[in-house]
């Protein structure tokens, strides 16, 4: 009974959060209800999360699951790095300390457009559907193309190995656009 309640709570939180965090919580909630990730503990019947680390989960961070990504910076320099399957492109830039000025100013909260990236056609076609929230932020980005997405919303998959993404020549922080609108 507590497992079902915990799963419902995780799914409800996923709807509120949206984006990658929401998708993760929804997935966790679905798994919690079906595989017993939440189990009753003690005489009071309180739910406590239990987690077992399988060999396959530990292997996720192995070099086999590392994806090579090439970023073409604003000045035309190519920055090549690796990221883990499931990491967002914002995570890849931050974790590898790539020198992309102002990238990810809002830390992936969909409050700016500084992680705006332009994708190759064959990669763009395989990306998950864009959300309304991401689309709203992209509307405020400079250099918008029909292959533009926000790096905080794109998670690496094996099919993206060796992809190249381009950082637009100019950057707009949507938070500044909103602030300017409020003061005038």
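Glycine residues also receive a Cβ, built from the backbone N, Cα and C atoms like all the rest.
Here the candidates are 50, 148, 177, and Swiss-Prot annotates 177 as phosphoserine. Annotated [2Fe-2S] cluster binding in Swiss-Prot involves 106, 112, 115 plus, out of the candidates 152, 155, the residue 152.
Among the ranges 12-34, 35-57, the stretch that Swiss-Prot annotates as region 'Disordered' is 35-57.
Residues within less than 8 Å, Cβ to Cβ, of residue 158 (N6-succinyllysine) and separated from it by at least 6 positions along the same chain comprise 65, 67, 85. Highest Cβ count within 10 Å among the binding-site residues 106, 115: 115.
For residue 106 ([2Fe-2S] cluster binding site) paired with residue 66 (N6-succinyllysine), the C-alpha to C-alpha distance reads 25 Å.
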